[in-house]
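Notes follow the structure.
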Amino acid sequence: MSYFGTDGIRGKFGEMPITPEFALKLGFAAGKVLKRTSPINKPIVVLGKDTRLSGYILESALQAGLNAAGVYVHLLGPLPTPAIAHLTRALHADAGIVISASHNPYFDNGIKFFSGEGKKLPDSLQDEINQELEHELHIEDTANLGKSVRLIDANGRYIEFCKSTFPYHFDLRNLTIVVDCANGAAYNVGPSVFRELGAKVIALYNDPNGMNINEHCGSTHPENLQKAVVHYKADLGIAFDGDADRVILVDKFGELVDGDHILYILATQAKKKPAGIVGTVMSNMALELALAKADVPFIRAKVGDRYVLQALEENDWVTGGEPSGHILTLDKSTTGDAIIAALQVLTVMVEQNKALHELVTGFELFPQVLVNVRLDQMMDPYSVPALVSEFEQAEAQLKGRGRLLIRKSGTEPVIRVMVEGDNQKEVTDLAHRLAESVRTHAA
């Protein structure tokens, strides 16, 4: 049985596999694999988390399992997921582990691994850990147990790293920035980075209590940030998600600037244009057309930063992302980093001496309607000839003006029907008609 999904192991705390007992076994299994594959006798693992209450319990269980397997653990405390990836590399650790469920509610949690290079763990190592989990936890030699130590200045190290990605001769002294920390992992380091670069920072949702992470705040709920930017007459707003690997921006008028806008800015407005951009099947068609006009190659990957990263590496490109705000800049970081992505946009604002809204003037997203069809039992819509015929008719109707995407959820019995085009009413009507057809044929 494989416990790993596309983004590690995730679920509701207290239910398998997100339990203290499983975390202990997982730590031991991962430790045994690292002992076999590490070039040193005492492998080192960097362990961090977000601000969920359950993170403390899972942290204790994981470190106990790792120590029992003979692994040394550096405890980082609450830090963004990309910070754990960076510190894994900086400390020359054998692996990094993040305890987080990203943008999910507080009662969920998850565990994911980074390789020593700060990248997602290879599938081959995940398979080895899965196999090791089938064995009983058995300590053979107490003389070879590992230890855990707390890294005293983990926050400071990561703050300095983020600042190093911003041009040394630039500063943010003339900007007022509202930062929504989602009561998550960036509650401390996020505002600090922008303050230390000279900005006047107004921090929101930076008081985590273990249960308020992502609660009506952060990149998935930016409404209050939009109001705050206008209220404080700020230059822009920055919203992170719970583990700060996603970012959504807000211009001074309170308008949202999502991942597609950010990729547009980095591809067309920066002094140095990227060799190409990787989006996903969810990236707006307007981005594809705008990049073609700017003569910047664009390809689509499957949904998920793992697939964006894979496509970037295959094409030897550095910039890619998703509309949700997962932005990768591989010349700066090995994984999606909300703070660094925001800094790259701020770099363009400073070098062009333009406000955020000016960088996206003339770039308008096509209307996009997503309808989630919840089913009693999952089915493949492309296995039903009548549905396939309807999909083909819709694609012919939208040809050159829009597109259709029908996909199954990877985590629940849901079919996602997405229609995009240049006419809002047409897109809305088509999405709901196709969704109803899927619902009818699934009954």
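Quick reminder: no glycine exception, Cβ is built from N, Cα and C everywhere.
Swiss-Prot names Asp241, Asp243, Asp245 for binding Mg(2+). Of Ser102, Ser115, Ser383, the residue it gives for the same site is Ser102. The Cβ of Ser102 (active site, phosphoserine intermediate) has Asp7, Thr81, Gly110, Asp241, Gly242, Asp243, Asp245, Arg246 as same-chain neighbours under 8 Å, each 6 or more residues away in sequence. Take the mean position of the Cβ atoms of Ser102, Asp241, Asp243, Asp245, the recorded Mg(2+) site; other residues of that chain with a Cβ within 8 Å of it are Asp50, Pro80, Thr81, Ser100, His103, Gly184, Ala185, Phe240, Gly242, Ala244, Arg246, Ala338. Secondary structure at Asp245 (Mg(2+) binding site), taken from DSSP and collapsed to helix, strand or coil, is coil. All protein chains included, Asp245 (Mg(2+) binding site) registers 32 other Cβ atoms within 10 Å of its own Cβ.
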